């Protein structure tokens, strides 16, 4: 018989100290639920890597205890790891309709069966093992996003998911403040809350303010209008469509993910598309420029996106022309600033008008600023607090906000992925660590690209490679052919013949020396070649290419 | 006899459509002067490249006409190409004392003789060929910066250099508004002006405001204070030193470029260091924490800089401790945002207090915002205008500002590097193009890394390389040894033995097929191997490593 524990454990496996791959374990005795399972985009030094997901060794070690995965919303950093997780762990997945709709698309792409996906809606209460889970409507930059209340025998946990307090949401579905207040009244043991905008003072503006901006911009535009935004922001797309309707413009949608999201969300009823307003991209030239709006991907300057292709005159179906008004309805995610600037410059060079300045009201964030974060704290009034969904400085700032409201510093936990945070009704503490980390995905390979491969890619990217091939006689150990030298990414060979010839001489000298000193072990020969050649090349070029000696035996 | 031309040509060789490698040619008949000769830092896709400088083929083709190089100030993007230019072109270089002081350091590092460096000061007028050049004091984020007036027989050109209108400069040397007004009165044909902050409304705050912020922060700091800023901003360093003095703290300087600049500028009298205030970094532990300030490099999160090393607990002399207050007195240059964020996170993890938010007044720009740019236009009242020192959108914005003031659009030239802009007293037009472009510097190599090498580095960085070595018999054309396969940056070999074995089989099959079909030409054999192996690997891994077949002949 399982002993009742008067404690719960909260174990983040991703999302702390980073923005991305959110995944949090909640454990009570022998029952585990997982909140979200997201991916992260690779850092700049993760060369050639497509995606990063959390290391779920802990869940695999305890696979018999996992009762379900609960999703807060459909953004990639909350659902993107599921195709990989569900291949290893067969558990029910709970999410709202739009969230599951988006997830299904991902699972299909990855040939994962669509079983055990359980649809819930805001206001629902379900039981998963010993956990009573409530889904609470909140606003975010994607529709159908929820916060979670998790009642356990020890106390209630509230996870805000990603949220903002939008008092005038585009779909009219206001945050369930009453439920949040009720939870605060009843008593909440631990709250985990979204720290993304913890550095931003004040309030985040309502999504509707962008609609007002669209209206002004549409009013002033004479030619075609092209709006680039995050495809997942259904409400932004809704406002673009509504404004197009108001100004009697047809709407064409461009970009694979934009088309996908528009399709799913309109099928599921999250996007209202008036009859006859949508046209195919091939039809845009049948209408006057002043009668067309194109909604497209590419707001982050992503190289393969529709907007970037158009900017580079590289899109099969759309050319940018003078008279076009382009609205970049997003701000660059940190790291993407140069990509976005580059796209803007290219669009300007094509003669288009480009509206991209944050101050012009073309974009609002989907995350709560400081006053909203404080409001959430004052509604929930948790005993203990774990700031989540942020890089370290965001978590520190969020912690400071909580302290401003009177929370004691030792009731706040700035945690790390893998840490075990244990809570009783009275006490909270860090009691240990579990396996955690990152898994790199490159092409079809999951986790096979590790530090060594990355280290090699880094050297190759900066310095290139020099391959030295020598054919040696099996018996006598002398050189039969070579050394031949081939390089890639090092120097432009035509101009460096002398350098290469001298390099060959250096190798010959080294081989002669080895023979003279009776060095026959290949590892030692290769090592000498690498050393001598490396020193010589650095002296001549101040560069350090990877040097790869290969010995063929005949 | 040279025919007098009633036209001048302005030919930008760098600095347009980019921030960096500023270089502008002014030509009147058979006389050329060059304004600035800067470098640019490599773009993200210029793998392994250290620096980028302008292609000066045009100057080399006309070397007998070049009368001198005139420098506006000592930032790298205005002087950094000179070590390379002066190795190919022997001409006088004119600059203010601090500018030449910084330049001399660079020339020494590159073994370029310090000949023909002619010191000028603000207020001077000199003659270089047919050009009468005036040096006009302006404010920037480095001391001793000037704007230039260039009187020619056709008309006067004004080049603002990099500037802001700081009404309370730290060294008390206010912009020479009177001279600017006088030039405007006398009539200016063409103005070239700094577009860096053309997107910023309002005015840039005075450098002195940062001193006020320092004062508040020093007042509130109990432990050590560490200030990171751009080493070239002597006035920022001055204010740090002055505030340290006020609060009875000793000052240690950290970081090679910071030590260099502090040394040069105090020797030349641009930095006033009170007696006894400077201590060696080794002495900081001899003083209480509240009695120490460290001024350091690393405000851009540069990997090898002092601050970044300290953040990573990797600095030989200084460890960050709780109680330290760290002031990041800079904002991230576009592209550096993630590096800076990472450093801030690491510093916070060490328990330090980190002050980095722009809104807290820890940094002001060195470039004019919109109202100052308009003021410059209203003072100079040029007939024609070329916005410079900016990416395309900055130039477009600056052009719009000029139009707001009433300038006709066809009197404004949004130019490109290499374009020849010709002006008569009445007319301005683009009349052609000269050789222009970029030269990539990698280690000691100047210009030997071109597109092919970069393209190879990119593939290597994303996908790695697979080398297939085959030894073939000279006579019969059959395989004597191999195929051996070696990979780097592709997969982690231990886990991919099966893949590699099958890859070898594929290669053997291809070689057999070649033999069967009597294909003996090596190029064809290599091509077949590349094709077959490439297809196979993509099918199995969805990756495309570089495939390099090498045939050794015995």
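Cβ coordinates are placed from backbone N, Cα and C, and glycine is handled just like the others.
Since this is a predicted model, take the numbers as computed values, not measurements.
Of the listed candidates (B:55, B:162, B:410), TrEMBL assigns B:162 to the same Zn(2+) 1 site as B:73, B:75, B:77, B:140, B:389. Annotated Ca(2+) binding in TrEMBL involves B:48, B:50 plus, out of the candidates B:345, B:442, B:448, the residue B:442. Note: B:442, taken in sequence order from the binding-site residues B:232, B:366, B:442, have a C-beta within a distance under 8 Å of a chain A C-beta. When each of the binding-site residues B:75, B:78, B:140, B:367, B:389 is scored by how many other Cβ atoms sit within 10 Å of its Cβ, B:367 comes out lowest.
Across the structure, residue B:48 (Ca(2+) binding site) and residue B:194 (active site, proton donor) are spaced 30 Å apart at their Cα atoms. Here nothing among the recorded positions B:50, B:194, B:363 falls inside 10 Å of the CA of residue B:140 (Zn(2+) 1 binding site).
Residue B:78 (Zn(2+) 2 binding site) falls within a helical segment according to DSSP. Across the recorded positions listed here (B:77, B:162, B:194), the residue whose Cβ sits among the most other Cβ atoms within 10 Å is B:194. The CA atom of residue B:75 (Zn(2+) 1 binding site) is located 7 Å away from the CA atom of residue B:232 (substrate binding site). Contacts of residue B:232 (substrate binding site) defined by a Cβ separation under 8 A and a same-chain sequence distance of 6+ are given as B:74, B:75, B:102, B:141, B:142, B:257, B:261, in order along the sequence. In the three-state DSSP reading, residue B:442 (Ca(2+) binding site) counts as strand. Model confidence over the domain 'Metallo-beta-lactamase' (B:20-214) stands at 97, taken as the mean pLDDT rounded to a whole number.
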